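Input: a single structure, listed below in structure tokens.
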Amino acid sequence: MPPHNKVPKGAICQSKVFYNAKWTREVDQKFIKVLVEQAMEGNFRAHGVNTFVVSAAMVAVNTRFGEDFDYAYCMQRIKKLRKRYQVFKWIIQLSGVSYNPITHKVDCHQSMWDYICREEKLGMAYMLEGEHDFDELRWMFQEDDANESANNEVEVIEISSDHGDEDGPDVVR
């Protein structure tokens, strides 16, 4: 972590937000790995019914780690993964934030971190540590990105002919 970026008072680190005594970083990685494999095979849909896929990931995690996570808990984990992805994607797209795609860490001035932490929908200063699963999460939630791009509306502005433009409407994004 760069020395000039300080986590604001009251912010909590990633390990306290993402993990607990049972759901550890290792469990998370296995869960993500199975979901990404399913996404690569076209079986996982970011906003679809994924009963088989989530069940497969749940069984893989429970078998590997001797746990008893249920389907509902695994669905909550997917929601948390989506939020992690959306937050980190938002952060790296901000002007003034530099992103290292190899380490998946970000750097910016303290004033930008303060803005990120104040942002109502985020409040996630813990992203200062980076998002090491960003590539995998991108695979899982690329459908979200495609839908986001498709939903960008195009505004058509009519230019009156008294301005000398007779070609028709101009398109502004």
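Each Cβ is built from the backbone N, Cα and C atoms, and glycine gets one as well.
Keep in mind that what you see is a predicted model, and the values were worked out from it rather than measured.
As annotated by TrEMBL, domain 'Myb/SANT-like' applies to 22-114.
A mean pLDDT of 91 is what the model gives for the domain 'Myb/SANT-like' (22-114). Note: the domain 'Myb/SANT-like' (22-114) comprises 58 helix, 6 strand, 29 coil (DSSP; helix = H, G, I, strand = E, B).
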